[in-house]
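As structure tokens, the structure follows; a few thoughts come after it.
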Amino acid sequence: MSEEKKLQFVTEGQADVEKQSEREEAIQGAIETERKKRVRKTLRDQLRANAIKKQKKSNRESAEVKKLNQLSKEETRYFKELEKNREQEIQRLTQFHKDKDYEYEKKRQQLLSRSPDKQSGKPDTLSSNQNNGSTERVILKVKNKNRPRLVVKK
């Protein structure tokens with residue numbers, strides 16, 4: 001609250017400064033008490049105002065915390081783009097693996113069709129003669145149900 005200046009005036013014809021200052025203080029005191037009576041709130045009003053003030057403070061603090069935890073539009077867009085890129089990469093790798101599986105199956109079928117063991121009914125092992133005359137055994141090992149692998153042993 002701003003402090004009000006005390007009334008300082010000297011009435012005409014009075015030379016007694018002490019009495020004049022006492023009168024000024026009395027008048028100033030009366031003015032102050034009257035002002036306080038007008039400004040003074042009831043207990044109910046004071047409690048209500050205090051509750052409103054605390055609620056506003058609480059709302060401000062919770063808004064600050066929410067603002068800190070909330071992602072901005074740029075951050076949201078960035079994370080959506082990351083997710084989109086991740087999905088595209090997964091699709092690309094899935095297609096790559098499908099293509100490689102197809103190539104593998106094609107080579108496997110070619111090897112099986114050339115194999116003399118085809119008639120004996122052994123699809124797991126293959127033998128073939130190379131130019132140097134050595135015999136190699138090709139063994140199919142299924143490590144993953146979706147991707148069998150060829151292992152060549154001499």
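In case you wondered, yes, glycine gets a Cβ from its N, Cα and C as well.
Given the structure is predicted, the values throughout are model-derived calculations rather than measurements.
Record features, source Swiss-Prot:
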COMPBIAS  16-26  compositional bias 'Basic and acidic residues'
COMPBIAS  58-68  compositional bias 'Basic and acidic residues'
COMPBIAS  98-108  compositional bias 'Basic and acidic residues'
COMPBIAS  125-135  compositional bias 'Polar residues'
COMPBIAS  140-154  compositional bias 'Basic residues'
REGION    1-30  region 'Disordered'
REGION    48-68  region 'Disordered'
REGION    98-154  region 'Disordered'
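Applying DSSP to the compositional bias 'Basic and acidic residues' (58-68) sorts its residues as follows: 11 helix, 0 strand, 0 coil.
Counting residue by residue with DSSP, the compositional bias 'Basic and acidic residues' (16-26) contains 10 helix, 0 strand, 1 coil. Sorting each residue of the compositional bias 'Basic and acidic residues' (98-108) by its DSSP state yields 11 helix, 0 strand, 0 coil.
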